[in-house]
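Here is what Swiss-Prot says about this protein:
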- N129: N-linked glycosylation site (CARBOHYD)
- N200: N-linked glycosylation site (CARBOHYD)
- N210: N-linked glycosylation site (CARBOHYD)
- N242: N-linked glycosylation site (CARBOHYD)
- N309: N-linked glycosylation site (CARBOHYD)
- N340: N-linked glycosylation site (CARBOHYD)
- N472: N-linked glycosylation site (CARBOHYD)
- N513: N-linked glycosylation site (CARBOHYD)
- N567: N-linked glycosylation site (CARBOHYD)
- N669: N-linked glycosylation site (CARBOHYD)
- N694: N-linked glycosylation site (CARBOHYD)
- N731: N-linked glycosylation site (CARBOHYD)
- 62-85: repeat 'LRR 1' (REPEAT)
- 87-110: repeat 'LRR 2' (REPEAT)
- 122-147: repeat 'LRR 3' (REPEAT)
- 150-166: repeat 'LRR 4' (REPEAT)
- 223-242: repeat 'LRR 7' (REPEAT)
- 749-772: repeat 'LRR 26' (REPEAT)
Amino acid sequence: MGPCHGALQPLSLLVQAAMLAVALAQGTLPPFLPCELQPHGLVNCNWLFLKSVPHFSAAAPRDNVTSLSLLSNRIHHLHDSDFAQLSNLQKLNLKWNCPPAGLSPMHFPCHMTIEPNTFLAVPTLEELNLSYNGITTVPALPSSLVSLILSRTNILQLDPTSLTGLHALRFLYMDGNCYYKNPCGRALEVAPGALLGLGNLTHLSLKYNNLTTVPRSLPPSLEYLLLSYNHIVTLAPEDLANLTALRVLDVGGNCRRCDHARNPCVECPHKFPQLHSDTFSHLSRLEGLVLKDSSLYQLNPRWFRGLGNLTVLDLSENFLYDCITKTKAFQGLAQLRRLNLSFNYHKKVSFAHLTLAPSFGSLLSLQELDMHGIFFRSLSQKTLQPLARLPMLQRLYLQMNFINQAQLGIFKDFPGLRYIDLSDNRISGAVEPVATTGEVDGGKKVWLTSRDLTPGPLDTPSSEDFMPSCKNLSFTLDLSRNNLVTVQPEMFAQLSRLQCLRLSHNSISQAVNGSQFVPLTSLQVLDLSHNKLDLYHGRSFTELPRLEALDLSYNSQPFSMRGVGHNLSFVAQLPTLRYLSLAHNGIHSRVSQQLCSTSLWALDFSGNSLSQMWAEGDLYLRFFQGLRSLIRLDLSQNRLHTLLPCTLGNLPKSLQLLRLRNNYLAFFNWSSLTLLPNLETLDLAGNQLKALSNGSLPSGTQLQRLDVSRNSIIFVVPGFFALATRLRELNLSANALRTVEPSWFGFLAGSLEVLDVSANPLHCACGAAFVDFLLQVQAAVPGLPSRVKCGSPGQLQGRSIFAQDLRLCLDESLSWDCFGLSLLVVALGLAMPMLHHLCGWDLWYCFHLGLAWLPRRGWQRGADALSYDAFVVFDKAQSAVADWVYNELRVRLEERRGRRALRLCLEERDWLPGKTLFENLWASVYSSRKMLFVLAHTDQVSGLLRASFLLAQQRLLEDRKDVVVLVILSPDARRSRYVRLRQRLCRQSVLFWPHQPSGQRSFWAQLGMALTRDNRHFYNQNFCRGPTMAE
């Protein structure tokens, strides 16, 4: 049966290929290969390195496609027919296919070609993104277009014909067509009235284009005009004369303060910018005005006259440190909701006090005030007194001000405040209230260095599964990244309504004993991560009766102190605690033997050393057993190598989510999941599992989500997942699977909602079963067309599993064997008759001539052959020369030339002992075809070298054979007259050792030729013909 089976295998493969082809015709394969169909009619072709727009088959539901994204491919040419097949296409994204040279990662120039009817063939198109492409003109566009993005292109001119016919256009973005990353050496030219025909245009953005004036005759329908980061340093009423519908105007960054710039900056000219008093007075509908980074020192109240609807004002990154203490510009802005004054600092100066101007009290609708980066060191009631009368104020940003004294009790006068950010300051503790007078320029000035202006590290966000956010709480105070060493109750006096307090990234090293937070009777969330807390007292945090979330992560220093005990019994005395994080503390010994709580829902214990704790016999075996209501438990990064059933059995039975990511688990007892009857999510990603073979998921388990990604799984036993009937999400990505078998799942396969098998080295052999299976469950496989790729064979490695051509899907080894055999038969069948007909007698004659010649030639060679190809002569007293001869010359000529190896005669190796020196020398000279002289210098030659040279000259006179070859190792030997004469007569017999390693290969080739050919072939015929043999 074996031979028959082998003969029928190609036929079966052809049948399978035909079946797959039929499946393709019936639409079983993903319809938009190589792209992916996503919800709401979006076809995602991003990051596929496509060089042309894919043409989808007629069987695909092309009429359902409303959005096509071709982001970050390599499409340089768009044809008229590329999108014509998509009759209902509304959104098209072609961003970053052919970026200009300045924006390309390798700075390669690129020009995109767009044929005239490419977009006109799509009359339903409404949104088009051509940004980050090397186009120089606006292509022909359909009249249906509503949104057009031409940012970061090479378009440098707009005239009335550029956008003609686009009467429906509402959004036009042309940012960054001429700036430091996309240089052009000029400015974007917008001809007067070029956009006037766009009667419905509401949004226009021309940022980063080197503009020096506001384009003239803009459409009066504009509501959003963004002109930031150009070079417009003068604004007059006529610049915005007809734009009475404007709601948002951004003219920031046109006259920059370069001491705070994060990119190339041009200093603002002296006495600029020049803003006319009535520049904005006619913009009665204006709601947002951006004047950031404009080198403003004063605020003219007339600028804001008539702006009764202004709700957002951005004045950040200016020089308003004096102005904000006495300005009256805010008196008429009763509707203002957001005001940004950040980084209005004096260069290299930190002031002692700051007192806001009384006009701030007129901002009755203000909800958010950003004052970070103004640099004042004291925060008192006087500082924010005008804000106390603002009933709507909710968010106040005061971070990065180098505040070292802060009276936190002043915030009791702000009943509407929901969020106060005092992070990244230098607050070290409570201060007594003091009366402070004087303006911002009063008091002592402290000069700052560049190091002081460096921002601190960002906080590490916590997963909301284990630590809730404060965004929904009514009052939050952020004191993270300050200089707190201890926490005193006086700091929070009169802040009883505080619900969230962040104290992370300080240096708090005290032993909390239940008295530090007494005034905070309403506190629900407390963040003390990244500190040095000493958890010794059993009543820690018990003064917080409403505490629900406590973050004690990254407090590892006390736990690393040998011999010091730690008390976690306070957890049992927090009756409302729901979330607790003890992550990344390195907890390994001398802690409470058990955590107890009836209220705790989520515990993050990642980044500790449970492996060491559970290795201490039964001491910590029941460490988590007392958490009766625990639902979520994170045990990631605990250096666990095994997880015994007794360990799982002592976890809380109420657990629904268990994370064991990034441990060292090479084995997991799946049957022990019955010990956790309520477990719904198990995360084993990033471990060292090699196979899912020891048993299977138990029957009756409640498991719904299983993550075993980033392991090394190469095998899954049949039926492993079949009994877990409630399993809906399975992540098998980033393993070593070569196939995905339907037998793993049984009847469960149809119930899966997510099956991730990406980043596995799947073996894409002909008739691979996993292809049919993945097609059956393709709705559950994320990124099936693009992210599920082949790992073998080599020609398909890294390509989609659908990349192979079904017509070529044959047995590869059999194909090669048949091809080789047929080629050999054809070649022999053609060659033999042809050779016999054309040159049969010649071949017969050459064959017999060769038989007669070979023995005679061998006898003649034996009679005339010499013992050595070359006799090597050198000065043994020079160790460097001797080392070069033995370790370089000998190895190269005798060992590395293979069949062309030369036979060298060396004095110390080949001279016969017992003979005189002259006898050995005579025999060596006359038994060698050539004499190779290796010289370091040619000015002093004596001893054996001189005698050998004289014998070579004698041989020249007697036998008329020039056998001398010179190898000169030192460059100063070129001064020798003999060397220069011999170079002139017989250049190939004088070789110089090259200084550069790149020339050594040529040197050895020249030396081999010099030793194997007669010197008479090397003589310069212009001077002589060389020695000739006597007749």
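Cβ from N, Cα, C; glycine included.
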Counts by DSSP class (helix H/G/I, strand E/B, coil) across the repeat 'LRR 26' (749-772): 7 helix, 5 strand, 12 coil
Residue among glycosylation sites N210, N340, N472 with Cα closest to the Cα of N694 (N-linked glycosylation site): N472
Mean predicted confidence [pLDDT] for the repeat 'LRR 1' (62-85): 95
For the repeat 'LRR 1' (62-85), residues assigned helix / strand / coil by DSSP: 3 helix, 5 strand, 16 coil
Long-range Cβ neighbours of the repeat 'LRR 2' (87-110) (under 8 Å; 6 or more residues past either end): 41, 62-76, 78, 119, 122, 124-134, 149, 152-154, 181-183
Rounded to the nearest Å - Cα separation of N513 (N-linked glycosylation site) and N567 (N-linked glycosylation site): 11
Helix, strand and coil residues within the repeat 'LRR 3' (122-147) as assigned by DSSP: 0 helix, 5 strand, 21 coil
Neighbour-count leader, CB within 10 A, glycosylation sites: N242, N309, N340, N472, N567: N340
Nearest of the glycosylation sites (N129, N340, N472) to N567 (N-linked glycosylation site), judged by Cα-Cα distance: N472
Densest Cβ neighbourhood among N200, N210, N513, N669, N694 (glycosylation sites), 10 Å radius: N210
All-chain count of other Cβ atoms within 10 Å of N731 (N-linked glycosylation site): 21
N731 (N-linked glycosylation site) - helix vs strand vs coil (DSSP): strand
